[in-house]
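Novice: Quick paste of what TrEMBL says about this protein:
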type	residues	note
BINDING	Thr59, Asp60, Phe161, Arg178, Gln227	urate binding site
BINDING	Asp60, Phe161, Arg178, Gln227	5-hydroxyisourate binding site
Amino acid sequence: MIKDVEVLSCEYGKNTIKFLRLKREGKKHFVKEVEVCTHLRLTSAHDYLDGNNAAVIPTDTIKNIVLVLAKKNGIQTIEQFAIDICKYFMTTFCQVAYVKTYIQEVPWQRLQENGIPHIHSFICVPEGIRFCEAEQCKNGPLVVFAGIKDLKLMKTTQSGFEGFHKSECTTLPERNDRILCGELFCKWSYGECKDFDFDCVWNKVRECVIEAFAGPPDCGVYSPSYQKTVNSIQMLILSRVNDLHVSPVSSQVLIPVEAPYGSCTCTLGRKKFLEAQGHVLKEK
């Protein structure tokens, strides 16, 4: 190896571990279909530098561990399952310096007929994909993130875009009434891992996204720009869900063609949380 070159970071893992877990309670069945990606960083880089694989946990073993944990512990929520995976690797293998797990869930919903839930039949409803991430360094806190992606929303009025900067390249006319269609990606942090009702928080956040975008069902709410709508979503989430430290939302403004499309993103953080982070950094 060249003397003035050093390994700054190296990690590896198993991606796209897909499986469905079926739980039977008498005649009633419950399903969880998920996709898992788990990556590890080891305490040494001998595998990269010297070809020494003694500390390497094969990616096939990583896959098997994920499947075993799902069978053994079940999947109450994808967030808790991600926590279980991280804890297993950090407590079982002394050579693991860092672990990160990403999980997303297929949106299966129980079928209903005349308001009566079916005992064993489900429908896949594209009402936003639930996902989460959990990560931990050796001797560090376990941090959990969660989010919604691929949530497509549209309203056919109560949206405009006026007063924007114009140049010689501007052809877009000002409008005070337009169709607004967006695909949202929303991600938040729970901070250090502790007991949360992950299902309750996720459902609340999703309700906030829809409410802030659409407004009251009888009259709606006016959107002067997609940026302002994104901010309204964030502020409503943070006002109603106290457990969250940060609420980033990024969005794509869509029309029914593949490209081009506009996008905007914004990240909010609670001041007390950010100040605490700054204090820790100063101490370090």
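Every residue, even glycine, has its Cβ placed from backbone N, Cα and C.
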Novice: Please find, for Asp60, Phe161, Arg178, Gln227 as listed binding 5-hydroxyisourate, the greatest distance between any two Cα atoms, in Å.
Specialist: 52
Novice: Hey, what's the widest CA-to-CA gap across Thr59, Asp60, Phe161, Arg178, Gln227, the urate contacts in the record, in Å?
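Specialist: Roughly 52 Å, rounded to the nearest whole number.
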Novice: Per 10 Å Cβ neighbour count, which of the binding-site residues Thr59, Asp60 ranks highest?
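Specialist: Per the Cβ count within 10 Å, the most buried is Thr59.
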